[in-house]
Structure formats: structure tokens, C-alpha cells
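S.K.: Below: one structure in C-alpha cells.
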Amino acid sequence: MTLKTLSAKAAAALDRELMSTGAFSIDQLMELAGLSVSQVVARVHPIKQGRRVLVVVGPGNNGGDGLVAARHLFHYGYQPAIYYPKRPKNDLYQRLVKQCEDLEIPFVDDFASALDSTDHVVDAIFGFSFSGEVREPFPAVINAMAETKIPVTSVDAPSSWDINEGPPKSGVGSKFHPNVLVSLTAPKPLVKHFKGRHFVGGRFVAPSIAKKYDFDVPKYEGIDQIVEITDNQVKI
């Protein structure tokens, strides 16, 4: 099967559709996205390679996906830690934080120290709606992820990348190439610039909605919420 990509505009419209005619709540979509991310981490970084996972969380929905993933990783037996410097006051995110706090998942303030003492990183800073410049404190964080030898898994888009054009030509993120990408629902055009392991997660879209937005739902195996795809399976 050849999978078509979704532009940022189409992805935003699809989210609105899922929460209207699709009858999903944002909580459900975030839960399903975070579950997919956690399954990818468990696939590419089995516990025997190290239990410590640093989840880097941004202020929007992408960050919410990261908080959900951290909770699931804890229950799988990993030892997640969360870096969450920009916390919105929205009730949804506060509840996700409380769920992690109840599991005694540590929230860390010193990113550099946390990066030095982890086995895997989840980049959940910016998603498909990102545009403009990267604001503090994230420039140093993204540059550190670009330079580290520790494997990085990005959620939906490597943070700082343009959803259509890929990595910036210069500056923050221009050298950021994560090891793994989890495309949520469908790949985005930036995947033409991505060279690592690529997964699609989001096993919940009704065929009628997929048809309306002109993308294919990949063939998921068994009870998996994710499927690994190759370059020749994506149509840009």
C-alpha cells in the first residue's frame, strides 16, 4: 500500500472533523496518539536497552501526546522523566500532569543533566501546527537533541521542522535529524526529508473519513496501534 501525505492544513481540518462528525473528544485523540508513541518507543528501544526515557514536552497538543506516552511507558516498566518548562493552565494538560505525578514520574528542570542520564528521548515539543520561530527555552533543547548520540523519537514532526518543507535551512533545528518518527494518523510532507525509522500510529479513523481526506489507513497487525513503513510506501 502507498500512503499519501497530509498537509498541515488538511491535518488540522481532519482533527476538527474527528472531533465533530467523528464524535471523538480531544482527550480520546490525545490518549490514542500517546498510546501509539509509547508502542513505538517500546518497539525501537526495548527495556533491555535501558529503562530511562526522557520525554520533552511542549506547550500544545503535541506535548499532551508526550505526557500520555510517559504514563504508558511507566506501566510498561520504563522509568520516564518529563521536561515540561512551558505549562499551559488548560484543565486537560493539568489532568495529564496529575496522572503522571500520581505515578511519581519525575518532572525535571535541568534539561542538560536529564539528557546526560537517559537512554532514549521522546521529542514531543512541536507538532504539525508549528510555525514561526522557536522560542525559549526550546532552542537550546532542540540543538542538544541534534547533537546527542542518545536516540530520539519525534512525535508527528521533528520539532522546528516545517510540516511541508522539512528542516530549516539554517539556525535552530537545521541539523536535527531524529532516529525515529511517529506520524500520527497519516504521514506529513516533511517525511521526504526524514531518513530514520518511520511509523504511523492512529488505528481509529473511520474509512469514510479517510476517504474524505484522501488518505489510506495502513494495515495494522494484530493488536498493534502502530505500523512501520518504508520510503517507497509514502506518496508525497
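Glycine is no exception: its Cβ is also placed from the backbone N, Cα and C atoms.
Note that TrEMBL annotation is computational and uncurated.
Got these off TrEMBL a minute ago, pasting:
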type    : residues                                                                : note
BINDING : N61, N62, G63, G64, D65, G127, F128, S129, F130, S131, G132, E133, D156 : (6S)-NADPHX binding site
BINDING : N62, D123, S159                                                         : K(+) binding site
DOMAIN  : 11-217                                                                  : domain 'YjeF N-terminal'
S.K.: Between N61 ((6S)-NADPHX binding site) and S159 (K(+) binding site), how many Å separate their Cα atoms?
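M.R.: Their Cα atoms are separated by 13 Å.
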S.K.: Within 10 Å of its Cβ, which one of these binding-site residues (F128, F130) has the largest number of other Cβ atoms?
M.R.: F128
S.K.: Mind telling me which of the binding-site residues D65, D123, D156 has the densest Cβ neighbourhood, counting other Cβ atoms within 10 Å?
M.R.: D65
S.K.: Out of G63, F130, G132, give those binding-site residues positioned within 10 angstroms of D123 (K(+) binding site), comparing C-alpha atoms, in sequence order.
M.R.: G63
S.K.: In this structure, which of the binding-site residues G63, G132 has the fewest other Cβ atoms within 10 Å of its Cβ?
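M.R.: Sparsest of the binding-site residues G63, G132 by Cβ contacts within 10 Å: G132.
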S.K.: Between the Cα atoms of D65 ((6S)-NADPHX binding site) and S159 (K(+) binding site), find the distance and write it as a whole number of Å.
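M.R.: Cα-Cα, rounded: 14 Å.
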S.K.: What other residues of this chain sit with their CB within 8 A of the center of the CB atoms of N62, D123, S159, the recorded K(+) site?
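M.R.: Other same-chain residues near the K(+) site: V56, G58, G63, G66, A124, I125, F126, G127, S154, V155, D156, A157, P158.
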S.K.: How many Å separate the Cα atoms of D156 ((6S)-NADPHX binding site) and N62 (K(+) binding site)?
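M.R.: Distance between the two Cα atoms comes out at 8 Å.
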